[in-house]
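Sequence annotations record features per position, and here TrEMBL assigns compositional bias 'Polar residues' to A:1-13. Look at TrEMBL and you will find A:1-22 tagged as region 'Disordered'. Per TrEMBL, the feature transmembrane segment maps to A:32-56, A:68-91, A:111-134, A:141-166, A:178-201, A:229-248, A:260-279, A:286-308, A:314-331.
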Amino acid sequence: MTNTTIERTTPVTDATRRTPTTRERMAAGSRFALPGLLVVFIIVFSILNPTTFATLANARTVLSTQSVLALVAMAALLTLVIGEFDLSLGAQMGLSALLLPGLTANGAVPIPLAIVLSILATTLVGLCNGLLVAKAKVNSFIATIGTAALIGAIVLAYSGGTVIFLGVPPELINISSFAPLGIPAPVIYVAVIAVLVWVFLKRTPFGRYMSAVGGSKDAARLSGINTDIVTIVTFMLAGTLTGIAGVVQAGQLGSGNPAVGPSFLLPAFAAVFLGATAYQVGQFNVWGTITAVVTLATGVAGLNLLGLPNWVEPAFNGVALLVAVSLTRYLRGKPL
Amino acid sequence: MTAVDPRPDALTVEHLSKTFSGVTVLNDVSLTIAPGEVHALLGQNGSGKSTLIKALAGVHRPDAGGSVHVAGRPVPSSYPPSDARKFGLAFVHQDLGLIDDMTVAENLAIGTGFERRGLLINGRAQRMRTQTVLDDFGLAISPGATIRELPVTARTLLAIARAFQPSRGANATPLACLILDEPTSALPDNDAELLFAAIERVTAAGVGVGYVTHRLEEVFRIADRATILRDGNRSGTYTVSDMTPASLFTAIVGPKQTDGAVTAPRGSRTGETTSPIVLAAAGLSGRRIQGADLTVREGEIVGVAGLAGSGRSELARLIFGSQASTGGTRRIGARELTSASAREAMDAGVAMVPEDRRRDGCVLTMSVAENITIAKLATNRTGLLDLRRERRQVADAISSFDIRPADPRRAVATLSGGNQQKVVLAKWLARKPSLIILDEPVQGVDVGAKAEIFALLRSTAEAGTGVLVIDSDFDNLANLCDRVVILRAGRIVDELTGSRLTTEDMSRATFGVDDEADVITTTTSQEPKE
């Protein structure tokens, strides 16, 4: 018998013909679990810590310290949508955050031009990643480990391994410190970019092509999509976002620290995967990612204010990610 | 075969049936393979050969009531595929099951276990054992070579050697029966003799060989007996030396149907040779396809009939440009296609519904709406998606193609095969193609959806689109097509129209049995088909 008949006779699952099971109902409800958790955190910590947690100042601090992570997470989101990993995102952010103060030191390059150059540098890194993955057909996981190492080398060579602070113009911190209507600038950057990324993914043909490439490269190609271009441009856009993240980071530090960057990589991926358990379950999505960043930061801030030891933070992050992803895996009956 | 053989049969299958959710695909099949015999298993596409082999290999669990004995010992009713060799039963499937990146020695060890010293692999002993096996089959390859470096013939022989090699361990069962599933389909023509020599080495050791093939000349070259399956039934077992190619062919396709019910033609609109040509391919060549000339006219439904491995899907890919051609030209209307690019073909008005729907046809993780519109996205003046127009377009498609459930936001992965295929068709027909190529369009599609899809293709053709359809079920082609070209071993060898457009003529042409008079006068001595 050919496969024809075998396939034809395999039982067809059609969820509409029966009432949803408990698991399916839970799966449907689970998309609001993450924002629900955020609300619970805010209420619980506000009750436990009314004088320190439930203040506007605390909210500002939590949000603005997480803005760099949120931007890197959105860069990771873009590459994950097309089914690729970019493990150089942390290093890219570090490169931009070092270049900006480095270039502006002693007035060598005006700040606006230095910002553009820093972002261009990481976009160029993204182009290299994209070419390696799309044209040289190197597995993205491996290719971007390679570029991350090279960026690390460039950062060390450029900085000499020390913090660049001599001659850095003090106006640099204006990038991140000004606060119109009391809203910290980094929060505004994140909000604007999140909306742009959301429009880009959900409202443009290119965003659709990205989902198609991530879903099935073969089907995308056979539907007339230039999968190479989609891959290359996506890596470049991720580079642009990490460049912006680096600029914000430099504005917060006011100097160039060669050690900053790589430590952002894993939390960024954790936020995207955690975010995929919210709103559109099983899909990497912008608002889930942002919610995940804020929820984790709120939890950690609350625990810190309670005076818990510092190992609680990574433990909390790890447990949150594993529980959320495993639970979603179970509820959906298939991996993310 | 010799008449009296004291040994038990290598394989005895009795009353084996297999039903898939109510549909019987294998019905009460019995057969025996004697020790040292080459026993051919023959049948058309869909006759039940693959199901029989998969049931024996432990992939499918047969229905209750049947029994299988290997070398006289009963085999349990259900077992994992990895256990088959323990009963003395081994298989060489078409994909061979070798691991490309591992060495010859490692691949041989995977079936039977590594030579060990304590917990560690004993490399030297492993190589020595490998060398013994290789020498046994006259294979001049290094035990340390990776499979990837080997030519395809050497891989096939290695797969046979692996199945045949003595098992490690004290209570290991020697090989009693080896089943080969179309082993020559991937081989270069001249290398078949090497394979036959390897098979002789196996049978000389008293192993019974089950040999699945579509090539009748191979049956006469090596087989002692042949069992023929037709529509899931065993239609007979024959001693090959008593048969002629024509009589064997008749046994495979069944007695000639005189009522003509199956082959009711699609209508008398076959002679429209004046319509403009939408596809003109000349001398198109690829890996398997050699010098294919093919034209499709506006409003015409042209079928491609061929056996598995004849190059049907490659022909579709070459025309669409998803595979680079090695020669020849293709024109869509007045436009010549020059590059191996699906985009170029699409811009010229070609659509293709690929064979592997789940991998190539649709993006399973995306919604019905996103799949329908992916090949033709509606945008507004700003370049953003025009979601309102898209919603309307998708709602229209869902109702006119009757896609169920009618939920545009549902992931395509959760739809039935027939509805997935309708989504793929909706995607392509939205582009109003001048030529649509369909590779197995109703594979894995239920009967109702199949009729709907065929009706859709007819009305598409009536609207002026040229349709090129590949289907391994020749009844479908006879039903649907104005004209059918026959593909055999990579070449277009014949074209059937009018009264010759029958399932039987297609079968005969694809098998390459041309002597019609001989076929009709020869009748089988076995029970007639019900």
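Even glycines carry a Cβ here, placed using N, Cα and C.
For the transmembrane segment (A:68-91), the neighbouring stretch richest in Cβ pairs under 8 Å, chosen from A:111-134, A:178-201, A:229-248, is A:229-248.
Within the same chain, the transmembrane segment (A:286-308) stays apart from the transmembrane segment (A:141-166): fewer than three Cβ pairs sit under 8 Å, each pair at least 6 residues apart.
Counting C-beta pairs under 8 angstroms (sequence separation of 6 or more), the transmembrane segment (A:141-166) fails to reach the transmembrane segment (A:178-201), with fewer than 3 such pairs. Contact counts against the transmembrane segment (A:314-331), taken as Cβ pairs under 8 Å, peak for A:260-279 among the stretches A:32-56, A:111-134, A:178-201, A:229-248, A:260-279. Per-stretch counts of Cβ pairs under 8 Å to the transmembrane segment (A:111-134) identify A:229-248 as the leading one among A:32-56, A:178-201, A:229-248, A:260-279.
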